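A.B. asks: The structure under discussion is supplied below as structure tokens; questions concerning it will follow.
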Amino acid sequence: GSTTFESGTGGWHDVSVGRLRWGLQRLTEPDAFLIGCTWARKHHRMFLYPGDFLALQAGEGQMVGAAKAQTPLLGPSGPTCIMEMSYRIHSGPQGFLAISVVDHTTGTTQLAWHTQGHGGTAGGRVRVPLGERSRPFQVELLALVDLQGSENVGVDNVTFEQCYLDVVSPTVELTCNFERDMCGWYQDQSTDFKWVRSMGQGQGSDHTTGSGYFVSVDPSVPWSRGQRAQLVTPRQDPAAAPRCLSFWYRLAGPQIGTLNLKLQPEGGKEVVLWTCRGTQGSIWHRAWATLPATGQQPYRGCVTRLPDWQVAFEVLRDGFLGDVGLDDLALTAGPCGAELSCSFEAEGCGLAASGQGTWRRQSNSTGTVAGPAADHTMGTATGHYMVVSTGRGSLPAGHTAVLTSQPYQPSVPTQCLAFWYQLSTGAPGSLGVFVEQSGVQTKVLSVSTMEESGWHRGHVTIQPDGDWQAVFEAVGAGGSHGYIALDDLQVSDGACPEPVSCDFEQDMCGWSSPSDPRLHSFAWGWKSGVPLAKYAGPKQDHTLGTRNGHYVHFDTSVLGAGGTSALLESQPLPAATDSCLRFWYHMDIPEHLSSGELRVTLHSTAGQRTVWSVEGHHSRGWQGSVVPVQSPSEFQIIFEITTRRWPLEGTVALDDIMYSAGKGCHSNPEESVEAKPSSSFMAEVVLSLLLALIIVTLMATGGWYWLKQRGLASRTSAESDTPQGFDNITFRDVRTRVKDFPDYP
């Protein structure tokens, strides 16, 4: 397969059956386009000097289809196997050049790389990862252009590198910002769809510079199939001490799925070190995970060398709507500090259990263990949480079970500790939350009863004067059985907002948006006003009135006709009388369509009640609304978007949600909800008024001049013609004296 095509096809053979075929062609003069290219200067054999290359030519068949050339059977191959080649394509958007891998044992063909024409000439040196393949395979070269329209495709200098099974993988530095290359990270070819290095393509900018490269997965691209994509390192030598891997990630879209970080020991069971599920908005987030020591260890008097290992980022998608990005990976010595966000899906996040009872990490996938039927993070029986049994047999009355976090090192004067908890019915005992500093504990929250079953959100504002720890203490009440559970701990900068109230600048403030393709439900997104081709929304938020402000949004075009919806759900709230919900909404739906509806409902065990709704287009600015809220029992506030037609293009956004319990909806100056148009909207209004004034002035001047000329013309009988009808612009007052008629006998 490796060849320069100077002495023949190098084992490549044409298997085309239509109007196009692959064949050798000689370049007799240097290519003017390639001489000026940076990559051509680095790789002087890329069509730059006379010589042979593989080109698309006219075939003898009549069928219109892609030309195809194949290598001989290759492989098996090692994990770092790469095919490299030079190419040039001159084609319109309908043309393409692609590389596929054919496995004849399974009868499958997998797309490895492709490029589309764009109306001009493009080319370069491309590296296509082929990866580890246990069975023989063939590489296919496919292309389609219009040769009669002077379009063409050429390929040269094909090489296969590091493909032997016994090739030792080069040492890879896990730290990478992807600005120059992949730093040794490569695509696992056994997975279904691909990680690619790119500059965004409508998803947003990179994290490093704002205009550079990152790696991403987009399951909506046409060649994506299956459920899994994996980015891995070559095998690494065992490590003698733990290390901390930090990275920035973006998980966006109404049905994106899960991002996992895994450790894969050679020949052993893989371990999930970190995981995140569901949309986190079109915003970069930072995460950390400790890579455990995997070096030598004593065993029965001998020193045993542990196996090599790999690190992998894995995407498991729920649907085809969304994308995942990774950037700025950094590996440092020593374990990571206390995790600022923990869902317990991967591990216990360093929380230490003590006391008479035992906190344990579990799921309820078997349906037989004591604890919540589903976790809060995923809302499924397979999701994990921390739980302690409070029955008298496990935690007698007055006995405690303690769960303590690692020390947090605050960077700001005020922080917010938020978490979700669930207490069983009956006599579950009590949950106390403490803040510990310098060995001194201060109780900041206590819960002993819940009005309804289910997950509830707790939050505490912390003002530490140094490192601090969160302590969760469960106290038994002597009941026959019971439990207390915790999930989704998060520490963020700044004071905690009031329940439900949120300006969306830091996070979602406990608002959640479920996504389940099986139920045709879609998640709301979270973004700033920075324009994104893939995720449209207002150019400015309401809080700051700038493109850097944040809000929640939803693209209505993904909804189908009937039975589909997008829900934004609050945390459970206690029974309310004379309470008030204030919020700002933005409905950018085409004016001729009125089928898109945004409504507010109150959901409780008694049912669901709509308390506010609006349909269709509502100007181009932010609009305020006030909704009285009353509920005799615990309830949730839900914002729901539905449509009656499909597709319905448009976006709906929400910002500055404020809930006041028991204070009524009597507005004051600080809580006014009069419309507050953005600065760009005001500018558009002013310009429109000025333009309208100019048009009216010109029309008035032209009309006056026309009337004046018409009046002058009517005064000259020679210039008069037979009347053509009524003049509805103006009437002239003409008076004529008629002489008396003579009398006739």
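The backbone N, Cα and C atoms fix where each Cβ goes, and this holds for glycine too.
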A.B. asks: With the ranges 103-123, 187-207, 355-375 to choose from, which does TrEMBL describe as region 'Disordered'?
C.D. replies: 355-375
A.B. asks: Could you break down the residues of the region 'Disordered' (355-375) into DSSP helix, strand and coil, giving a count for each?
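C.D. replies: Counts, helix then strand then coil: 0 helix, 4 strand, 17 coil.
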A.B. asks: Could you tell me the mean pLDDT the prediction assigns to the domain 'MAM' (174-338)?
C.D. replies: 81
